[in-house]
Amino acid sequence: MKFPASVLASVFLFVAETTAALSLSSTYRSGGDRMWQALTLLFSLLPCALVQLTLLFVHRDLSRDRPLVLLLHLLQLGPLFRCFEVFCIYFQSSNNEEPYVSITKKRQMPKNGLSEEIEKEVGQAEGKLITHRSAFSRASVIQAFLGSAPQLTLQLYISIIQQDVTVGRSLLMTISLLSIVYGALRCNILAIKIKYDEYEVKVKPLAYVCIFLWRSFEIATRVVVLVLFTSILKTWVVVIILINFFSFFLYPWILFWYSGSPFPENIEKALSRVGTTIVLCFLTLLYTGINMFCWSAVQLKIDSPDLISKSHNWYQLLVYYMMRFIENAILLLLWYLFKTDIYMYVCAPLLVLQLLIAYCTAILFMLVFYQFFHPCKKLFSTSVVEGFQRWVRCFCWACRQQKSCEPIGKADLQSSRDRDETPSSSKTSPEPSQLMNAEDLCSA
């Protein structure tokens, strides 16, 4: 049985970020910054409440008679209690043998084109730990992108406006960045396990390192670009955010409406139609929040029973990073053109170049992960290198076609010019037959 390290990491980031945010909000209050205090508390307490609801929803405690658990969640102590419960189950399972086990069947990764199916015994304690890990993974994603991401953006914006970075603010920004990166990492792992549910997935340590570096560069660059643009053009950043928000929020619903599928009713048996709609809207909101800052790694599919598309779409990945790179470049260009005196001592061209290189570095680590460290890379129909080679071949073929069309176009143009010149020359110099007829008439 695996040590529940992911649960411990989730609870640590949850407690650390909440404590740092509350401490910093008290500092804002003592300094008279009521607006910064209110926003800091909002981005701290709102994800706390969502995390409590997520843990209750996954464990189905609302339909069970557990008043103490409900009280602890109301007091925002639910993650601590769940963590204590996880370690009690873990340490007790090593001493007791379970008489009842369930058997799960998983397929191994193909070796030499063959894939074997293996059976594994899962005890009740291990099943409970799996449920707890799944609940905390989802809670970490919610905390990261509905709380930590706007919190990091806010504190970095305050630091630039005030041109001062305090110890409390730097600590909160560091914890928030770690929380976002960890949430994105859990999102990647969840996407892999959902898409390849029938296979036994084992993620190597180097894969975790590669994902961590990929997400760190991507998220840090995105946050810095948004903050720089906000510090110069505060009105236009609202337009950028609204365009991003509605694009990602409405996209899954447009696909669902276009598919003509019936409204999903199998999310949770205890939920009514209104409750199902609220859950779907919340999932779409979370999906939007993730894509605002980084690639979500999963595609929300409302007409699917799992609500997740299990097909790996390289085209959507390519389009997302191309559009995001272009957007970041445009925002940096506008910041460079309209920057104010607060950036007097900043080398603007160098900063723009560093941010673009950092985003390209994130893309490079992503390609390295999918090429070498993805746990299910043997199941890919094409690898990253093969796709790049095909793209280069298509590009070279298009260039050759364009070059081969140029001589043909020039030849057609020359022939048309010759045809245009032929009638004009016939008017000035008559043909030999016409000259002979003229001489015969003169002699006669």
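Glycine too: its Cβ is placed from the backbone N, Cα and C atoms.
Annotation comment: TrEMBL describes 423-433 as compositional bias 'Low complexity'. According to TrEMBL, the region 'Disordered' annotation covers 410-444. Marked as signal peptide by TrEMBL: 1-20. What TrEMBL records for 35-58, 167-185, 206-229, 235-258, 270-298, 318-338, 350-373 is transmembrane segment.
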Cβ pairs under 8 Å only, please: of the recorded stretches 35-58, 167-185, 318-338, 350-373, which one is richest in them relative to the transmembrane segment (206-229)?
350-373
Can you say which of 235-258, 270-298, 318-338 has the most Cβ pairs under 8 Å with the transmembrane segment (167-185)?
270-298
Who are the chain neighbours of the transmembrane segment (235-258) in space, where the CB to CB distance is under 8 Å and they lie at least 6 residues beyond its ends?
226, 229, 284-285, 287-288, 291-292, 299-303, 327, 331, 334
